[in-house]
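Notes for the one structure printed next.
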Amino acid sequence: MEKYILSIDQGTTSSRAILFNQKGEIAGVAQREFKQYFPQSGWVEHDANEIWTSVLAVMTEVINENDVRADQIAGIGITNQRETTVVWDKHTGRPIYHAIVWQSRQTQSICSELKQQGYEQTFRDKTGLLLDPYFAGTKVKWILDNVEGAREKAENGDLLFGTIDTWLVWKLSGKAAHITDYSNASRTLMFNIHDLEWDDELLELLTVPKNMLPEVKPSSEVYGKTIDYHFYGQEVPIAGVAGDQQAALFGQACFERGDVKNTYGTGGFMLMNTGDKAVKSESGLLTTIAYGIDGKVNYALEGSIFVSGSAIQWLRDGLRMINSAPQSESYATRVDSTEGVYVVPAFVGLGTPYWDSEARGAIFGLSRGTEKEHFIRATLESLCYQTRDVMEAMSKDSGIDVQSLRVDGGAVKNNFIMQFQADIVNTSVERPEIQETTALGAAFLAGLAVGFWESKDDIAKNWKLEEKFDPKMDEGEREKLYRGWKKAVEATQVFKTE
């Protein structure tokens, strides 16, 4: 009887369930979208119960549609949109407010106040993060401050906090397990990544009672089992948890110090495994936990690119220059260069290493001879220049020269982007056969905990290369192009509308 690992990939706009076999191959997929709520400008919320319903639906669908019995599921792995925050009543199981999503800016004033009080470096030193609304801690404080009676309930021990992984494990286990893993805890602004414990000083600054917080566990461990009615009477081990970007790092088998993966999604995320050392960044990177396994944690450096694949969506939906994302490749390859055109897609500011929230998108180098093909090519090239910006910051902070770049996300299907990426970073780019690396990482973590796979070496054998892109551009051309990009970014930062 063939066994499978069921991976739950709970994302920002949809929930997915994916079955993986022992070779790490996909045996079935189900997906369901859920509603986004925007109560005010800059606020983004989800209904945690709707997320739970969507997860139940896709788990049921993937099992039924692929004729898999519940007793064929060896374990469940969970990967989740990071930082999104749920607070719920531990007696009724009902959330007391919507889940506040990672993108939501409704806690900006809390962050500004803490910065004015001089606490930014305290948070940076202990958590490796920036004092920003992106992270979970200020979201918890906002809920306790703004929902009537919440603070009193929290102090009486009646409320629980969790990121989405915690919420799903609690529900799946029938309220038995209130846990998170090291990778998700490291995104809360409340967890000391050096001591590996919730930090009393930070909790006091955020006025969050410690009794609300989940127990922090390794990323690969049996946390509990499903209760009867979810799996037709089967008690299936819930055995692996990691935040989405860390799960992708694990799914790419980036197990060694210096291994790097880059995800080209709506935005871009690059993570470097820095081994057992938390590398302090001087270049605007985040220091975070990659995963905890085998009794120790691996740390990572993380760089964020705000606009990656969404630049291609902009070409399609905003400018109507292309009818589909794949069409961008054929247009880009009709010309040999951009003829000096640069697109800086700072639609919502610039991420690592600039962290300039006021910058806005800009185009440079236009001439009467500029055609649609040049413009499209320049937009695709911008993804690669931004990736080099982050990679250079990583090499500077870590002292490690990146030997190869493993890639995933929607834009990796574009061969032009992959080749230009290799050229502009002067490093081989490796595209895997299975590009569902986030879900695969969660499956690997769960599979290790239940003996489905024996070791990380066993897992590494399952990682298969689809295509390798080696750099072909000569150094003079590469550096000339990159100098042009840096000038374009500099000019973008100078021009600010009032």
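Note that Cβ sites are derived from N, Cα and C of the backbone, with glycine treated the same way.
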According to Swiss-Prot, THR12, ARG82, GLU83, TYR134 bind sn-glycerol 3-phosphate; which one of ASP199, ASP200, ASP244 is annotated to that same site?
ASP244
Hey, how far is GLN245 (glycerol binding site) from GLY309 (ADP binding site), Cα to Cα, in Å?
16
Round to a whole number and give the Cα-to-Cα distance in Å for the pair GLU83 (sn-glycerol 3-phosphate binding site) and THR12 (ADP binding site).
11
Among the binding-site residues listed here (ARG82, ASP244, GLN313), which has the Cα closest to the Cα of THR266 (ADP binding site)?
GLN313
Other CB atoms within 10 A, centred on GLN245 (glycerol binding site):
24
Given the binding-site residues ARG82, TYR134, GLY410, ASN414, state which is nearest to GLN313 (ATP binding site) when distance is taken between Cα atoms.
GLY410
